[in-house]
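Step one of this worksheet: look at the structure below.
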Amino acid sequence: MLSLDQIPHHIRHGIVGSRLIQIRGRVTQVTGTLLKAVVPGVRIGELCYLRNPDNSLSLQAEVIGFAQHQALLIPLGEMYGISSNTEVSPTGTMHQVGVGEHLLGQVLDGLGQPFDGGHLPEPAAWYPVYQDAPAPMSRKLITTPLSLGIRVIDGLLTCGEGQRMGIFAAAGGGKSTLLASLIRSAEVDVTVLALIGERGREVREFIESDLGEEGLRKAVLVVATSDRPSMERAKAGFVATSIAEYFRDQGKRVLLLMDSVTRFARAQREIGLAAGEPPTRRGYPPSVFAALPRLMERAGQSSKGSITALYTVLVEGDDMTEPVADETRSILDGHIILSRKLAAANHYPAIDVLRSASRVMNQIVSKEHKTWAGDLRRLLAKYEEVELLLQIGEYQKGQDKEADQAIERIGAIRGWLCQGTHELSHFNETLNLLETLTQ
């Protein structure tokens, strides 16, 4: 008879980690979106199956905590059909998503399954939805500009390959229009887009009207609409990040877009409050502010490829001190502020240049580029300073040379800042026009 030490390591590891006895529990309490069940041996993050004895229900749920020897679970689907007779069977595994080249052009739900209920080919690999960010010392430095094809960003808010930036805007600020332009024009190999908490009507409209066949060809969409359970909406961000990590591991340059972090945080808030966490700032429990860096730190450069990430944040009443906006801005490497005033004036992309910043721009652009961008910012700031005087007819030409220059060039500057949604501007072309504007 073989002893355990004589069995090969990989087989021994599987035997030790496996459950040789099937464990089943039973639902003991349902409160809102939270289930309680007695299920010995389960772990936080583990998936369990919920089944009724008459096979009228088959649903997955995730363990999110424990209370008085009972497991707290959040279902990954609708609660209808759960009863006091519902059995809980642990799977012994955490949530994983199937990844591979076959995902390009696909629209997935928040759990990584086909949005239309169809079937996907056999995946090349399985990636855990929750995993650690790359170690800080293993990350490559951000040294290369990434052309996003948007003049105002490439010229004045240059984004580096592997950088993480936030797009902050109120409702109607032009976020979706900007995201569609980025998908079409960014010089990357793969784009992964997570649409979290969007209205169902807007999803197909965005795919067919804004994104188009060309944009979808090199993209993967993860969609969790506003009517989906909170766990699916929260998981959508992690699923999209895992898919982006797979393509990064294949040596590709990946653009990860998430719309929006605010709705992701609201889903996390629902889960945290259901689990009994105390509400803190604006009703958000502590787990929300722990989840944000855990999600965002996974983007960036690795030794093989890169994930450049842009996260949209809904700002209520232009309040940048709102908890989610404030926390997100402190985590990311830059912020792009969209202005409702510019959007109302049909100025797209509606980016408020003077309130926006890229924290790595000075390290990745040439000395000349830095000078031209600084000169244009000064002209915009000077024009904003004298704009009210111009409107009331009190400005006297000749009193301020720089103000005269700003007034003279503002038309050309605004023309350069505006860009059609289907208009592509290459990086070198953007720099040439920027140089012309500031000479």
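Backbone N, Cα and C define each Cβ position, glycine as well.
What Swiss-Prot lists as ATP binding site is Gly172, Gly173, Gly174, Lys175, Ser176, Thr177, and the listing cites similarity to another entry.
Within 8 A of the CB centroid of the ATP site residues Gly172, Gly173, Gly174, Lys175, Ser176, Thr177, the other residues of that chain are Ala169, Leu178, Leu338, Ala343, Ala350. Listed in sequence order, the residues of the same chain lying 6 or more apart from Thr177 (ATP binding site) and placing their CB within less than 8 Å of its CB are Asp210, Tyr348, Pro349, Thr421. For Lys175 (ATP binding site), the same-chain residues lying six or more positions away in sequence with a CB closer than 8 A to its CB are Ile167, Ala169, Asp259, Ser260, Thr312, Leu338. Ranking the binding-site residues Gly172, Gly173, Gly174 by the number of CB atoms within 10 A of their own CB puts Gly173 at the top. Sequence-distant neighbours of Ser176 (ATP binding site) (same chain, 6+ apart, CB under 8 A from its CB) are Glu202, Phe206, Asp210, Asp259.
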